[in-house]
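Listed in Swiss-Prot for this protein:
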type    : residues         : note
BINDING : 26, 74, 159, 163 : Mn(2+) binding site
MOD_RES : 34               : 3'-nitrotyrosine
MOD_RES : 44               : N6-succinyllysine
MOD_RES : 44               : N6-acetyllysine
MOD_RES : 51               : N6-acetyllysine
MOD_RES : 51               : N6-succinyllysine
MOD_RES : 90               : N6-acetyllysine
MOD_RES : 98               : N6-succinyllysine
MOD_RES : 98               : N6-acetyllysine
MOD_RES : 106              : N6-succinyllysine
MOD_RES : 106              : N6-acetyllysine
MOD_RES : 178              : N6-acetyllysine
């Protein structure tokens with residue numbers, strides 16, 4: 001059974017950039033729903049497997065992708081944020097960003113543009129392409145998980161579903177993007193980068 005991970009900080013810890021009301025709803029309602037629905041879907045999937053019911057297995061794929069992706073994505077997202085975040089990464093990650101995007105500012109512009117440009121709901125990502133040994137920016141619709149759909153290893157995810165910002169930023173997604181850079185946990189992103197380089 002999957003369970004809702006605890007946040008590594010209080011709901012109000014990311015204010016003024018992301019308010020407590022958003023964080024509480026986002027974590028305790030939205031993420032919790034993905035976890036619950038994933039558990040239900042996996043149970044049904046196990047039953048379908050046991051019966052050899054391929055039609056039922058196929059019918060469950062969208063729910064598995066949506067709720068499984070929602071759980072994976074949010075579990076990364078919470079750790080990608082920190083009340084002590086912001087600024088720039090250091091060391092090897094910063095060097096890789098400069099190598100692959102030209103500069104940290106250019107990287108920020110590109111990931112911001114990819115995230116703002118998502119039509120409807122989805123995510124902007126910084127991922128690691130293991131085959132090429134390079135960082136890449138990608139956008140995924142809905143809750144499609146980055147690694148499961150592109151093969152990139154997720155390092156930093158930016159949730160651009162309206163539930164992530166609407167109560168505070170209304171329909172102005174670029175303002176939310178501008179704010180979120182102040183709470184990016186570069187230590188966590190760096191740990192993820194170093195782990196996938198091994």
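A Cβ is built for glycine as well, from the same backbone N, Cα and C atoms used for every other residue.
Positions of Swiss-Prot features highlighted on the structure.
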residue : record              : DSSP (3 states)
26      : Mn(2+) binding site : helix
34      : 3'-nitrotyrosine    : helix
44      : N6-succinyllysine   : helix
51      : N6-acetyllysine     : helix
74      : Mn(2+) binding site : helix
90      : N6-acetyllysine     : coil
98      : N6-succinyllysine   : helix
106     : N6-succinyllysine   : helix
163     : Mn(2+) binding site : helix
178     : N6-acetyllysine     : helix
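Counting every protein chain shown, the number of other Cβ atoms lying within 10 Å of the Cβ of residue 74 (Mn(2+) binding site) is 24. Of all the modified residues in the record (51, 90, 98, 178), the one with the smallest CA separation from residue 26 (Mn(2+) binding site) is 178. Other Cβ atoms within 10 Å of the Cβ of residue 159 (Mn(2+) binding site) number 25 in total over all chains. Between the alpha carbons (Cα) of residue 159 (Mn(2+) binding site) and residue 178 (N6-acetyllysine) lies a span of roughly 13 Å.
The Mn(2+) site, placed at the center of the C-beta atoms of 26, 74, 159, 163, has further neighbours from the same chain whose C-beta lies within 8 angstroms: 27, 30, 31, 77, 161, 164.
Residues within less than 8 Å, Cβ to Cβ, of residue 178 (N6-acetyllysine) and separated from it by at least 6 positions along the same chain comprise 112. Cβ crowding, taken as the number of other Cβ atoms within 10 Å, peaks at 26 among the recorded positions 26, 44, 163. Taking all protein chains in view, 11 other C-beta atoms sit within 10 angstroms of the C-beta of residue 90 (N6-acetyllysine). The recorded positions shown are 34, 74, 90, 106; of these, the one with its CA atom nearest the CA of residue 44 (N6-succinyllysine) is 34.
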